[in-house]
Amino acid sequence: MTTIRDSFDMVVFDWAGTMVDFGSRAPVLALMEAFAVLGAPVSEEEARRDMGRAKADHVRALFEQPRINQAWQAAHAAAPDQHAVNQVMAELQAPMIRLAEETADLIPGTADAVALLRSQGLKIASCTGYTREMMQAILPRAAAQGYAPDLVVCAHETPQGRPSPLMIYKACADLGVWPLSRVVKVDDAEVGVAEGRNAGCFTIGVAVSGNMVGLTAQALADLNGEERAVLLKVAADRLRDAGADLVIDTVADLIPALEAETVRRAGLS
């Protein structure tokens with residue numbers, strides 16, 4: 001009988017929108033709050049555009065959007081520079097920590113999926129665009145609900161963030177896992193999928209619970225069937241275009257997907 005361990009040694013998970021915070025709401029709301037306080041409000045759509053990057057890189061990408069750049073110049077009489085990035089990051093810290101903790105409920109299926117992977121001997125790592133300080137608000141709550149990865153790699157703990165593969169490389173080095181072809185990367189953002197592809201991992205996109213749809217579970221359930229289907233198709237297509245080997249709805253679908261991939265690989269050998 002084949003098991004997932006026959007094909008894979010480790011799974012590297014993202015956090016918001018993948019394992020916690022259905023809809024990946026916390027980082028979006030925190031960015032919107034920080035920019036509003038500093039006189040240059042951003043929309044939810046604008047805030048989501050580069051989601052998954054290290055937070056300082058995300059802020060820089062926001063400043064590259066012409067409307068936001070112009071709004072900042074109008075409010076501050078200067079073009080946004082590194083000082084502006086530092087201002088936003090300082091303003092972002094408090095709402096990000098508060099909202100990360102408030103939205104740290106596990107996405108249904110998270111604890112069960114991790115328990116099964118561990119029972120088969122796989123290691124569990126995570127990479128995130130959050131800083132270490134931001135993660136301190138999430139880790140205890142996630143652990144109390146049954147999810148505590150073997151390793152957490154945070155933004156700025158490697159020379160480059162996503163879509164660079166360096167956070168995954170660090171996780172593999174720290175946990176002694178290789179080759180990268182036996183590592184799975186699971187992420188809800190296009191840049192996180194690109195990270196997995198760049199690392200040489202088997203990469204799975206998460207369409208329903210993450211940044212691509214961007215709705216809470218209740219808000220998603222309130223849509224009619226046609227509206228839901230359109231959103232999910234767009235999300236899945238974007239993740240595939242970013243390089244996902246496979247797209248699932250939520251982490252609850254991960255184990256059947258990996259079992260099917262293991263069977264497929266066994267049939268090729």
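Every residue gets a Cβ built from N, Cα and C, even glycine.
Binding of Mg(2+) is annotated in TrEMBL for D14, A16; the matching candidate from D150, D174, D188 at the same site is D188. Counting in whole angstrom, D14 (Mg(2+) binding site) lies 14 from K55 (active site, schiff-base intermediate with substrate) by their C-alpha atoms.
Those same-chain residues not listed among D14, A16, D188 yet with C-beta within 8 angstroms of the centroid of the Mg(2+) site C-beta atoms are W15, G17, T18, M19, D21, S24, G52, D187, A189, G192, V206, G210, N211. A simple Cβ count within 10 Å picks out one of the binding-site residues D14, D188 as the most packed, and that one is D188. Cα of K55 (active site, schiff-base intermediate with substrate) to Cα of D188 (Mg(2+) binding site): a span of 16 Å. Cβ neighbours within 10 Å of K55 (active site, schiff-base intermediate with substrate), excluding its own Cβ and spanning all shown chains: 26. Its own atom aside, the Cβ of A16 (Mg(2+) binding site) has 31 Cβ atoms within 10 angstroms in the protein chains shown.
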